[in-house]
Amino acid sequence: MKAGALELGEGSKTSIPRGGVNRGISILDFILRLITIIGTLGSAIAMGTTNETLPFFTQFTQFRAEYDDLPTFTFFVIANSIVSGYLVLSLPMSILHIVRSGARASRIVLIFFDTAMLALLTAAASAASAIVYLAHKGNAQANWFAICQQFKSFCERISGSLIGSFGGIILFILLVLLSAVALSRC
């Protein structure tokens with residue numbers, strides 16, 4: 001083949017059919033949704049079951065830390081639960097995209113709701129990470145002391161639940177990008 005033939009667009013005429021690529025994208029979309037369910041549901045369960053009681057107490061006070069002591073953590077649990085529920089409900093639509101890779105309208109709906117759930121998850125994880133930072137470091141100017149020196153198990157669990165949630169955010173970004181690529185190829 002001459003170099004001039006390539007410049008004229010007479011190169012290899014073989015190409016991958018669009019349906020096959022879209023089917024591969026749809027399978028990857030389904031797998032990413034399953035992994036995201038595990039991350040967000042795990043984060044909600046880890047945060048929702050977090051509590052610790054210190055072994056010492058005064059005559060009137062027992063020192064205890066629970067996730068529902070702070071409204072931000074409650075919002076975090078609710079948001080992760082909503083996102084997990086949405087992901088479970090979106091699995092049939094993802095299966096539909098594997099079977100019918102040219103389904104355009106349902107992909108648009110998924111992009112819209114995936115973006116909304118991404119925003120909700122980002123808001124919850126960001127708010128919770130600010131409180132986790134205060135729990136670890138405190139704020140001397142506001143007279144807020146770090147509690148993680150006393151409540152070690154509590155702080156380890158709330159920090160771990162943030163990891164799953166931020167992993168879910170990254171996977172949601174990939175889901176939106178994959179849906180956009182699949183939509184552009186329809």
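From the backbone N, Cα and C atoms, a Cβ is placed for every residue, glycine too.
P71 and L183 carry different topological domain names in Swiss-Prot and therefore face opposite sides of the membrane.
Around the Cβ of N51 (N-linked glycosylation site), the same chain contributes R64, A65, E66, Y67, F154, each under 8 angstroms and 6 or more positions distant in sequence. Packing against the topological domain 'Extracellular' (129-161) from elsewhere in the chain are residues 42-44, 46-47, 49-52, 54, 63, 65, 67, 70, 72-73, 76: each is 6 or more residues past its ends and has a CB under 8 Å from a CB in it.
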